[in-house]
Amino acid sequence: MRFAYGRLPWRRGAVLGSALLVLVTAPAASTATERSGPAPARSVILLIGDGMGDAEITAARNYSVGAAGRLAMDTLDASGRRTTYAVDERGRPVYVTDSAAGATAWATGRRTVNGRVSKSHDTDRPMPTLLELARDRGYATGSVTTASVADATPAALTAHVTDRSCKGPADMAACPADTRAGGGEGSIAEQTVAARPDVLLGGGADHFAQTVTDGPFRGRTVTQQARAAGYQVVRDRTQLAAARPGRPVLGLFAPEYVPVEWTGPPAAPGGTAPQRCATRNPGRPAGTPDLAESTRAALDLLTARAHHRGAPGRGFFLQVEGASIDDRAHEADPCGQLGETLAFDRAVAAALDHAERHPRTLVIVTADHGHATQILPHDARPAGLSATLVTDEGGVMQLGYGTALPGETQEHTGVPVPVAARGPLADRVRGVQDNTSLFGTVTAALGLR
């Protein structure tokens, strides 16, 4: 069955704040069964709306399906809140997290320093990730993003570096101990290939085009390293559709971030005239798959890959990130932000459709952190940047961005983010939880610990 979303009557479930985790699961199990019997879940799909807090979701809902409507991500059954904070090197709270520390929290179950990727806050040592644990237990694994596949959120599953900027072999200035010459495992791109997820889809071609400087692939690009490891390297939707599950797939659809879907005037001092967003970006190449397409492709490839492996009860672990919600909010670009939020919601719908066809499925939705967006009275005169939009239902909505001076990058916020779930173990997300709690939910669902 396919879900019909839009102006729906209220269903059990909460307004989500940011990311969606779909777990393919079995009937709820007791704690003893989780420890000693079959895992409650066969597969997990974790979808992350980067920077997609309550205001970002509400703005997208208002603009598209209306204030009384419901997005796909609004339809999950159990809901709660997650804290979002990092720590410093001494373990003291840092109340606003970045995406690296935020992703490390759910990927490893431990907090770390802002900018650090799946390494400890005090000793700077690698910490095992959900993807690594799932892979080592025989699950197929994958990561889909609209950022570079070497960006902070996907990197938290596949790499361990001191600083998130160390994406390719030429980017290692902030990570001397992580270089191969320094005794480390190399850049995020190199480590990601070495981690060997079955599916990697997103941007980041420029990072993979860099030349490896040390180790067995010295003098070759990271893309060549991937091909040597058996990866099918695809560059557009046609090549993605032709990929086969017998070998791992690396999709590089853009030099860095995948171009956004919508465009429009940015927020400005004193506001803008009421406007509509342009729902087609002329700067987006025609062959670029959208996030829902990439999600469906990854689900099909991983399902087939898991079946081919034949491990009893083992499906897959997949993370899907809508990265440019955060990127566009940083730039006070309301139309870009709304378009990416709605593109993410279509990926959520694709995941829910998959889960409906594969009944051992649990869905969890959350975010890494909040962002700068505020929904203001249409006649307000805010001190910061603002833009006024005319929604699909004919309303007037003013969005404000006031966490930085005009011309500077808007900031994350330290608020809790919504989390919601559907399926067995969904009740684990209820209440107010720590931002490391998803690690425990996923490991329990897949029987990883």
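Cβ from N, Cα, C; glycine included.
The Zn(2+) 1 site in Swiss-Prot is built from D326, H330 plus one of H121, H160, H207, H412, namely H412.
Ranking the binding-site residues D50, D151, E321, D326, D368 by the number of CB atoms within 10 A of their own CB puts D368 at the top.
Annotation: D50, H369 are the binding-site residues among D50, D151, H369 whose CA atoms are within 10 angstroms of the CA of D326 (Zn(2+) 1 binding site).
D151 (Mg(2+) binding site) sits 12 Å from D50 (Zn(2+) 2 binding site), counting Cα to Cα. It is 13 Å from the Cα atom of H369 (Zn(2+) 2 binding site) to that of E321 (Mg(2+) binding site). Annotation for H412 (Zn(2+) 1 binding site): same-chain Cβ neighbours under 8 Å, separated by at least 6 residues, are G51, V96, T97, D98, D326, H369, G370, H371, A372.
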